[in-house]
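First comes the structure, then the notes that go with it.
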Protein chains: 2
Amino acid sequence: MEYTDAYFMEQALREAQKAFDADEVPVGAVLVMQNKIIARAYNQVELLHDPTAHAEVLAITSACNFLGAKYLPDASLYVTVEPCLMCCGALHWSKIGKIVYGAPDSKNGFKKYTTQSPFHIKTTIVSGVLEEECAALMKSFFKNKR
Amino acid sequence: MEYTDAYFMEQALREAQKAFDADEVPVGAVLVMQNKIIARAYNQVELLHDPTAHAEVLAITSACNFLGAKYLPDASLYVTVEPCLMCCGALHWSKIGKIVYGAPDSKNGFKKYTTQSPFHIKTTIVSGVLEEECAALMKSFFKNKR
């Protein structure tokens, strides 16, 4: 059985919920190859005191470790929120096959800064999968902070 | 004695030379606070099979670990080559005080993709310090690859 984008985004949302529960900005990601999740990650900036520890970067590093490869052309990344400039650069270098994200991020998303696609030419981008659920978790987090 | 930008760039060049010797794209970085180097790093993408293991990212992570802090407003990063989009995003999140780079990178540097400054509003940017030496090491590396 071939899982849908929504199925894998649900899994990314579970990761985002873990971030939420740990008082981290609630972004989660899963990395998929051949219909299987090979890496899961959520934002750990606070836990690791590391501004680079975004879900996408951790998932890429984890997947590359697992595969022993620095490129991920046959993999798909599912992430709950539009990647920031750093993550989008990391995804560029990984030559990832497909990126699926949930909610847009008008404040920190890559679209704010870039004019041309910053991804590898062969990378497919899909947006808006489970957008409402992904956005709701972010809104709930920042509402609690105010 | 206050060290100059050229002094710290020399130190970053030493890191870049280590990358060169390890057959990695020769980019090196040092992170400085109060006139002292608190982190040194060079590109380790091949060694770690990790596309995110650029000198700048490794230096930021190392410095944040050392300080137990996720922001580096009082620090300066010296890097031999213009940061790519990923590193520039990482530097943005770190709120670093100052970025000094040597050679421009028209192929992968952040200027290719961005229209507005992607850095924190308080970050100072200095370019062209030991530019020739930094560029020469890159040229020599890629010449050997052809």
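Each residue, glycine too, has its Cβ placed from N, Cα and C.
Taken straight from TrEMBL:
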type: ACT_SITE; residues: B:Glu56; note: active site, proton donor
type: BINDING; residues: B:His54, B:Cys84, B:Cys87; note: Zn(2+) binding site
type: DOMAIN; residues: B:3-113; note: domain 'CMP/dCMP-type deaminase'
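The Cβ of B:Glu56 (active site, proton donor) has 29 other Cβ atoms within 10 Å, all protein chains considered.
Confidence for the domain 'CMP/dCMP-type deaminase' (B:3-113), expressed as mean pLDDT, is 97. Listed recorded positions B:Glu56, B:Cys84, B:Cys87 compared with chain A at a CB cut-off under 8 A give B:Cys84, B:Cys87 as the close ones. Within its own chain, B:His54 (Zn(2+) binding site) has B:Val27, B:Asn43, B:Val45, B:Cys84, B:Met86, B:Cys87 as residues 6 or more apart in sequence whose C-beta sits under 8 angstroms from its own. Residue with the densest Cβ environment among the binding-site residues B:Cys84, B:Cys87: B:Cys87, by other Cβ atoms within 10 Å. Secondary structure of the domain 'CMP/dCMP-type deaminase' (B:3-113) per DSSP, as helix, strand and coil residue counts: 47 helix, 28 strand, 36 coil.
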